[in-house]
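In what follows, a structure is listed as structure tokens, so that the remarks can point back to it.
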């Protein structure tokens, strides 16, 4: 392998670092709304009282709060489905740059909602930042995947998930009552998102456009070559250019790929099914349910400040994403995803047993804590980071934007459904709710084992051609070559 293929240059890290600021925004806005719930609800009550001269009815308060939380996912669904509209017209980098306008508008609306005595401003701000985050979950993995050398694509792709979990952790810390999660500073807590947006606006103009976009979509070979030299830190980028040109020639032979075509064409049907199921394996794994349960479990275990224990789980979240970052190019995507799913299923069983026996055996709360940390750790080994960047790997340049839009929409929709339904299912099933997630995790494990190929070390065109052959004749590759057994390596 060419030594330059694993070289991490300053320009490459600037490009990836500038992009994943958007991932940090996604994580921050996912986690920020939980801590200040009580003080924001009190703001809703005061606003209602100021307008109508009476306290807000409890059902109205519950509805407004649920809307404040859920509207973020609705915005995300709309944003994720719109990815292709921007990246093909404006490019990957410019799309990320333009979308910061949404972050600034959202920051102003949420930051001044208390001053304006308007909960509508806060809810609208949550919707707008949701649209921004939906777009970001498409833009960032696509851009990072296209600027990264093949040998580093998995490791750098994991930085998207690292940005998300760091954002969640920052939100948990900033949301402490002693910092910004109080009646005076919660507007600042919600509007501080203007800082990473401003930083991204400063950095992105110095980042290169995706060389694949320049060559394949714009046919600007000289610019693509110049960008590649800076990204790779070498004057000889012939191999990269040839691989992109081959992908471009293949794209010219294909008709324009729409979202409907992804499901109609045999060449795309299997990879889009894999992309959607992997996104579902992330959101339907039960990770949100675990965070929902964590505070009450820590309280039962006698933890004086359960919020700090919840932050501890956020630190575990971050630490194991870093672990995944270093092993993804060695172990492979498929292997890590399988290990993560299996580990989560085991921890879900432990959690079910511990929660069911908690009243009779108080020490079971400690087993619950171990199971929670284990569940979070295994999530970040596989189902957390892998689904985001493997979608970009499964498709060539032509269908990639449409595929990422479909996958992102699936992720946000399932996130919304879990957020809306979990409370009711938990009331119905009690501690046995994790049996549902255990069954789902086992099903996702079986699907991954039999259907998901290892993409480590393969170029985009090699992966796509494997599916084309699989969908057509299987003449050049056997199923064993395309769908490696657990832990198999795919050398180019």
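Backbone N, Cα and C define each Cβ position, glycine as well.
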Of the candidates 299, 380, the one that Swiss-Prot places in the D-glucose site of 161, 282, 283, 288, 317, 388: 380
Membrane topology agreement for residue 117 and residue 427 per Swiss-Prot: yes
Annotated residue, N-linked glycosylation site, per Swiss-Prot; candidates 45, 411: 45
Transmembrane segment range according to Swiss-Prot, out of 430-450, 451-471, 472-492: 430-450
Transmembrane segment according to Swiss-Prot, located in which of 234-254, 402-422: 402-422
Inter-residue C-alpha distance, residue 283 (D-glucose binding site) and residue 465 (phosphoserine) (nearest angstrom): 29
Spatial neighbours of the transmembrane segment (67-87) far in sequence, C-beta under 8 Å, 6+ residues away: 29-30, 33, 40, 95, 98-99, 119, 122-123, 126-139, 142, 213, 401-402, 404-405, 408-409, 411-413, 415-416, 419-420
Sequence-remote partners of the transmembrane segment (335-355) [C-beta within less than 8 Å, at least six residues beyond its ends]: 278, 281, 285-286, 290, 293, 297, 324, 327-328, 364-365, 367-368, 370-372, 374-375, 377-384, 386-387, 430-432, 434-435, 437-438, 441-442, 444-445, 448-449, 452, 454, 486-487
Where the record names 161, 282, 283, 288, 317, 380, 388 as binding D-glucose, the maximum Cα to Cα distance in Å: 17
Considering the transmembrane segment (402-422), which listed stretch of 91-112, 121-144, 186-206, 430-450 counts the most C-beta pairs under 8 Å: 121-144
Candidate with sparsest Cβ neighbourhood (10 Å radius) among 288, 380, 465, the listed recorded positions: 288
Chain-internal residues near residue 45 (N-linked glycosylation site), provided their CB is under 8 angstroms and they sit 6+ positions away: 55, 56, 61
